[in-house]
Amino acid sequence: MAFEKNAPSYGKNNFEAPTQEMSPETGPSSRLVEAFEYGVGDTTNDVSDMRRLGKKQEFRRNFSFLATLGFISIYMATWEFVLVSLSVGLLNGGFGGLFWVFIGTVVCYSSVVASLAEMESMAPTSGGQYHWVSEFAPPEYQKVASYAAGWMSTLGWLASVASSVFVVATLIEVLIDVTNPSFAFPNWQYTLIMLAILVLTIFLNTWGARVLPMLETISLFGHIGGFIITLIPLWVLAPKNSAHAVFAEVVNNGGWSNTGTSCLVAQVTVLYCNLGSDCAVHISEEVEDASLVVPRCMWWSYILNVLMGIVILITMLFCIGDLNDAINSPAPYLSLFNNTGSVGVAMTLTVILFLLVFSGNVTALATTSREAWAFSRDQGFPFSKWISRMNYKRNVPDNAVYLTSVGSGVICLINLGSTTAFNIVVSLTLLALLSTYMISIGCVLLKRIRKQELPPARWSLGKWGLPINAFAFAYSGFVIIFSCFPNAVPVTTSTANWAPLVWVGVIGVAAVVYLVHGKKLYTPPVAFVEGRKQAGVGLQTI
């Protein structure tokens with residue numbers, strides 16, 4: 001990749017905007033501001049980027065490179081989720097199959113991360129994918145396509161928060177299982193614990209918002225330190241499987257007609273462990289020098305997490321014991337920790353996982369609230385004016401935090417009736433986010449094919465942009481197909497993958513809301529972009 005500082009620089013006095021009110025056609029949700037001024041943490045490039053995007057700076061920029069790197073790394077939490085969730089992939093492929101699928105998947109998915117990072121450098125806004133679709137899509141599809149992307153992005157991040165809360169509650173149960181293997185929470189207790197964790201996460205995202213960048217930096221060092229602490233006792237104390245079993249034995253336990261299909265189904269679980277490098281996109285307007293810092297952090301956090309994920313995966317495959325026992329275990333990572341032969345070690349390693357995954361919850365809610373805030377700034381939801389309200393003292397959109405927390409809490413309540421139904425909903429994370437990746441990458445790819453001009457990017461793919469975007473677009477579609485597959489066949493009502501049906505249902509709801517609300521009131525972000533906006537349109541504010 002080439003990193004070019006080719007964005008224009010502007011002085012403070014260059015930013016003047018008209019003061020007349022905006023016409024209904026360009027967006028009744030927003031008013032104009034008189035001038036674009038430097039805010040706390042703004043660099044010259046931040047000011048020029050926000051002016052090009054037509055946005056008033058609402059946040060103080062208090063996220064440095066290190067805090068942003070921590071923000072992404074702790075949300076991705078690849079090595080943590082390799083232990084917590086990837087062991088499910090042992091069903092399809094076994095030890096050897098899972099290892100090679102992991103390698104192939106992270107290499108292919110890197111094209112998606114690189115494509116998203118470049119788009120972030122072109123348009124560093126909290127809106128992320130729905131903004132990129134609005135700016136880069138063909139004019140006739142900009143409004144409806146960006147509206148769909150905004151709803152899918154919100155759905156994916158809401159499901160992600162609920163999923164993370166569920167994993168933390170599971171880790172609490174596993175902590176008890178270390179000394180009492182037969183223990184299990186009933187559904188109502190599980191749900192109450194999830195809601196309690198969510199409340200604590202809300203507190204850290206509102207009253208604790210001022211120290212959030214510091215917490216993310218601490219989480220980065222915890223993420224790396226926890227990796228080292230976990231690695232050492234497993235290699236020293238646990239018995240080892242053979243290298244042949246780990247790297248060469250590929251099995252098909254999912255009932256598929258061939259091993260290849262079985263392994264391709266396993267890639268969905270691998271992606272779940274590597275998802276989320278774009279979370280920092282939604283705090284773009286809080287990051288110093290965002291058009292360079294955020295894409296750099298997206299790329300290097302992905303590399304860091306993938307490398308740690310590969311090491312911890314090899315460790316798990318060598319130390320987890322018999323394959324069938326691991327598949328049948330309700331918590332394979334606890335079996336892995338117990339293989340050290342020490343209750344104290346197993347307890348310590350589980351506590352480390354608990355603390356790190358909980359830290360990722362804080363990031364997940366911050367990301368979700370910022371995405372909802374940005375979409376509301378463009379009147380994407382009903383009651384958008386209330387949702388987009390800022391608490392400037394704490395530098396946080398309080399109402400967006402509360403609303404997204406309530407949405408995630410409602411998803412958590414599904415667990416009261418059925419854990420299966422809850423898992424169906426949270427499995428939408430991958431499907432919904434991949435859809436937004438595919439749409440936004442497809443829009444940039446089309447512009448490149450047509451040789452149309454794109455905004456300058458300080459983090460640029462250069463001459464490799466077209467092939468990387470093309471591969472990322474195709475690969476996203478490929479994975480979406482396998483995201484609709486069940487884990488195993490034959491399929492019953494309880495083992496079917498209902499996520500695609502729920503996904504289509506949510507798109508249907510979004511379509512109805514668009515016809516009733518969005519068609520009239522939604523303001524596509526491109527309406528404010530320099531060179532694309534109508535005469536007399538100034539900077540957008542809430």
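Residue numbers in this text run from 1 along the chain shown.
Backbone N, Cα and C define each Cβ position, glycine as well.
The compositional bias 'Polar residues' annotation in TrEMBL covers 16-28.
Per TrEMBL, the feature region 'Disordered' maps to 1-28.
Sequence annotations record features per position, and here TrEMBL assigns transmembrane segment to 63-86 (among others). Tertiary proximity for the transmembrane segment (63-86) is limited to same-chain residues at least six positions away from its ends with a CB under 8 Å from its CB atoms, namely 98, 102, 167, 170-171, 213-214, 216-223, 226-227, 230, 269-270, 272-277, 279-280, 283, 286-288, 293-294, 296-298, 300-302, 304-306, 308-309, 311-313, 316, 333, 336, 353, 356-357, 359-360, 363-364, 366-367.
According to TrEMBL, the feature transmembrane segment maps to 98-117 (among others). Through the fold, the transmembrane segment (98-117) approaches residues 1, 86, 89-90, 92, 246-247, 250, 263-264, 266-267, 270-271, 274, 277-278, 281, 294-296, 298-299, 302, 306, 309-310, 313-314, 317, 437, 440-441, 444, 459, 461, 468-469, 471-472, 475-476 of its own chain, all at least 6 residues removed from its boundaries and within a Cβ separation under 8 Å.
The transmembrane segment annotation in TrEMBL covers 155-176 (among others). With a cut-off of 8 Å between Cβ atoms, the residues of this chain six or more beyond the transmembrane segment (155-176) that come close are 84-85, 183-185, 190, 193-194, 197-198, 201, 276, 331, 333-334, 347, 350-351, 353-354, 357-358, 360-361, 364-365, 367-368, 371, 404-405, 407-408, 411-412, 415, 422, 425-433, 436, 503, 506.
Annotation comment: TrEMBL describes 188-208 (among others) as transmembrane segment.
Taken from TrEMBL, the feature transmembrane segment applies to 220-238 (among others).
Residues 72-73, 76-79, 82-83, 86-87, 90, 94-95, 98-99, 102-103, 106, 110, 113, 224, 227, 230-231, 234-235, 238-241, 245-246, 251, 273-274, 277, 332-333, 335-336, 339 of the same chain, all 6+ positions outside the transmembrane segment (302-323), place their C-beta atoms under 8 angstroms from a C-beta of that stretch. According to TrEMBL, the feature transmembrane segment maps to 302-323 (among others).
Sequence-distant neighbours of the transmembrane segment (343-367) (same chain, 6+ residues past either end, Cβ-Cβ under 8 Å): 71-72, 74-75, 77, 80-81, 83-84, 157, 160-161, 164-165, 167-168, 171-172, 174-175, 178-179, 197-198, 201-202, 204-205, 212, 215-216, 219, 222-223, 226, 229-230, 233, 237, 279-280, 282-283, 333-334, 337, 401, 404-405, 408. Positions annotated as transmembrane segment by TrEMBL: 343-367 (among others).
The transmembrane segment annotation in TrEMBL covers 399-418 (among others).
Look at TrEMBL and you will find 424-446 (among others) tagged as transmembrane segment. Residues of the same chain lying 6 or more positions beyond the ends of the transmembrane segment (424-446) and with a Cβ under 8 Å from any Cβ of it are 112, 115-116, 118-119, 128-130, 132-133, 136-138, 145, 148-149, 152-153, 155-157, 159-160, 162-163, 166, 268, 271-272, 275, 278, 411, 414, 454, 465-466, 469-470, 472-473, 476-477, 479-480, 483-484, 497-500, 502-503, 506.
A Cβ distance under 8 Å defines the sequence-distant neighbours of the transmembrane segment (466-489), meaning residues of its chain 6+ beyond its ends; these are 88, 91-92, 108-109, 111-112, 114-115, 253-256, 264-265, 267-268, 271, 430-431, 434-435, 437-438, 441-442, 444-445, 448-449, 495-497, 499-500. Annotated transmembrane segment per TrEMBL: 466-489 (among others), in sequence order.
Among the features that TrEMBL reports, transmembrane segment is placed at 495-516 (among others). Residues 144, 147-148, 151-152, 155, 381-382, 424-425, 427-428, 431-432, 435, 483-488, 522 of the same chain lie 6 or more positions beyond the ends of the transmembrane segment (495-516) yet place their CB under 8 Å from a CB of it.
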